[in-house]
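Copied over from TrEMBL:
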- B:12-39: transmembrane segment (TRANSMEM)
- B:83-104: transmembrane segment (TRANSMEM)
- B:110-130: transmembrane segment (TRANSMEM)
- B:171-199: transmembrane segment (TRANSMEM)
- B:205-229: transmembrane segment (TRANSMEM)
- B:241-260: transmembrane segment (TRANSMEM)
- B:272-293: transmembrane segment (TRANSMEM)
Amino acid sequence: MIRHALFAALAPVLLALPANAQPATPQPPPEQIVAGLSRDDVDITTSFDGSEIIIYGAIKRETQIPAGAPLDVIVTLEGPAQALTVRHKERRLGIWINTGRVSVGAAPSFYVVATTRPLHLILPTAEDQRHRISIPLAMRAFAGPMEVEDAVPYTEALIRLRRASDLYRQDDGAVRLAEQTLFRADVRLPANLVEGVYSTRIFLLRDGRVIDTFRAPIEVRKVGLERWLYRLALEQPFIYGIMSLAIAVAAGWGASAAFRLVKRP
Amino acid sequence: MQIYLPIAEVAVNALVLIGLGGIVGLMSGLFGVGGGFLITPLLFFIGIPPAIAVATGANQVVASSFSGVLAHVKRKSVDFRMGWVLLGGGLVGSSAGVLLFNMLSRLGQVDLVVQLCYVVFLGLIGAMMLQESLRALHRARRSGPIKPMRRHQHGWVHKWPLKMKFRASGLYISAIPVLLVGAAVGVLGAIMGVGGGFIMVPAMIYLLGMPTKVVIGTSLFQITFLSAYTTLMHAVSSNTVDVMLAVLLIVGGVTGAQIGTHLGARLRAEQLRILLALLVLGVCGKLALDLFLRPDELYSITPGILP
């Protein structure tokens, strides 16, 4: 009797032990993301006018769908980081000139957060800070000397300007989740994309906790004529410059000759 | 019809670019200015990064001025000798201007200096030209036929040594003021990112006393070479020439320049100068408003970390 009682008392501890004793092989989360992308590369051609990527997937689970706690999915797509400077104008001696500036060491060139429900309802601050999901947290490292006392208006302005040019987006409700199992997000890429490796992240949240994540890269690159011109401009700038001038001179001469023909039929 | 620009890394409407090139080309052929002071702000406006707008603008100026020069050569309205001497001064001035520009950007506030330069020079030149050409038009209307320009007045410029004969201009003056005009235009052109025709044309008329008909062809001749030099400098030092963007601007530009040149042959010199003066004053007014009025957005983003 006594042994049974002791076992009953220790049971929760014993059951919890394996996870604590063997941290090297963590238990798989009860619910896992299985995801795919409609394409894992984007080619920038001369007629490139933006693109659309479908990020889709399913939630794999061994057990029944847990009842009660809500399930949410957050999808992010992030472009290569760039260093930039935000400047602020003030009126001095009657004219508006740039006075303050804040340098941002790495801000994504493109960033989209798509969610199943409004982001502030489903993502607690602690989880946001850990995974850097919301737009303000996606910007990292400030660089250079801080010339201003308060950098907040500058970062806010950066986000406002980038949102206005459609480079940063928060699409609440853009992820569709069916039967707590299948999800899909359509992410539109604008035409003013920068070349590089973009990263997709998918977060699975149950009751405000991130229970699984998934990552996949998307390569965005120039192809054909775009690629050739870009390489030439960077690797053989003198030849590229001469070529640009030759085109200009030939076009100038061509137009002149064409008009002479038109004038003298 | 969207087209992706490989160096600027933005997609823009090709027809808009051809149209912009056309307007600027028309100015170029009509007035003998390269049009850099128009194309560069217009490119900013449609979202091309400033450094690329300046460098590619120079490339487009090469095409439109070359096309204009050919038309003027046919009409024998280019003073080649004057052009070469001006160009000599211009290359020296342009190189010095690039150095000065780099120095200013290390000090910060280069944008402000450029903008102030635009307002001051465009304002001064526009007002001067407008006043002079209105007076000339008034005089012409009152006393019938147009009196020839007072070309042979002997001012301080004519007392300098190193005299050269510029037959096409009908001038026998020292090469020193010509070189100085070329150099000054080169410096300003490099700082302001333009060919400098809008400074060159009035300087030739009012400082050197050249006849208007020769001024335009000669100005275009020297602008062609000067902006070719600038384009090459930009391509090599900062990789900011976007050839795709340039081709679209050029297609519109060369067509516009031809139309402008033929149109210009039919208009009177005074009328041309009034039009150019009004255009210069218009751009000046727009830039001055930008400086004095509260901007809609006080913050701006610049790529890279500023020193």
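Yeah, the Cβs are placed from backbone N, Cα and C, and that goes for glycine too.
Scored on C-beta pairs under 8 angstroms, the neighbour of the transmembrane segment (B:110-130) with the top count among B:12-39, B:83-104, B:272-293 is B:272-293. Scored by C-beta pairs under 8 angstroms, the transmembrane segment (B:241-260) has its highest count with B:12-39, from the stretches B:12-39, B:171-199, B:205-229, B:272-293. Contact between the transmembrane segment (B:83-104) and the transmembrane segment (B:171-199) is present: at least three CB pairs lie under 8 Å, with pairs separated by 6 or more positions in sequence. Counting same-chain residues at least six beyond the ends of the transmembrane segment (B:272-293), those with a Cβ under 8 angstroms from any Cβ of the stretch are 27, 30-31, 33, 37-38, 41, 115-116, 118-119, 122-123, 125-127, 129-130, 132-134, 136-137, 198, 201, 212, 264.
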